[in-house]
């Protein structure tokens, strides 16, 4: 290795494989430029910023444990110390993955999808409608109070806001229509 000390106090160490390590005059910042194009910076505030040249991805690790990945397509992932992950997609969709298995996705149009650890899903649409997907049924709730449920065996039940109830069997035949 070759070490150079500059008049401004910086030190640059060059290794045989082409990797260079630069240490600032106040020794608070270090930059390592690897032979493959990767760059690692250790900042004065103890952040570690690593740029992966091949993937064009930046990984920043903060002293409090937060890690942030920035991809070339503008996707950003935040990994929190408690295991929570937040993914910001280029279309402004945000997905949150919690350490307990719960997931939430927020879409730009206002739609929110929540998925429980057991797989049950709730979709809340920006128009006020709500869908519940469970193992035994799917249910759509409308802003006027109407609720339509489709069971896994194919049976359907619709309860209208007017009080009317209509039930269809597995083949779609109306078996009850109470007004």
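Just so you know, glycine gets a Cβ as well, placed from its N, Cα and C.
Here is what TrEMBL records for this protein:
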{"type": "DOMAIN", "residues": "1-23", "note": "domain 'Centromere protein J C-terminal'"}
{"type": "DOMAIN", "residues": "63-91", "note": "domain 'Centromere protein J C-terminal'"}
{"type": "DOMAIN", "residues": "100-133", "note": "domain 'Centromere protein J C-terminal'"}
{"type": "DOMAIN", "residues": "138-167", "note": "domain 'Centromere protein J C-terminal'"}
For the domain 'Centromere protein J C-terminal' (63-91), what are the DSSP-based totals of helix, strand and coil residues?
0 helix, 12 strand, 17 coil
Chain residues outside the domain 'Centromere protein J C-terminal' (100-133) and at least six past its termini with a C-beta under 8 angstroms from it:
91-94, 139-143
Folded-back contacts onto the domain 'Centromere protein J C-terminal' (1-23), same chain, C-beta under 8 angstroms, at least six residues removed:
29-35
Local confidence of the prediction over the domain 'Centromere protein J C-terminal' (63-91), expressed as mean pLDDT:
97
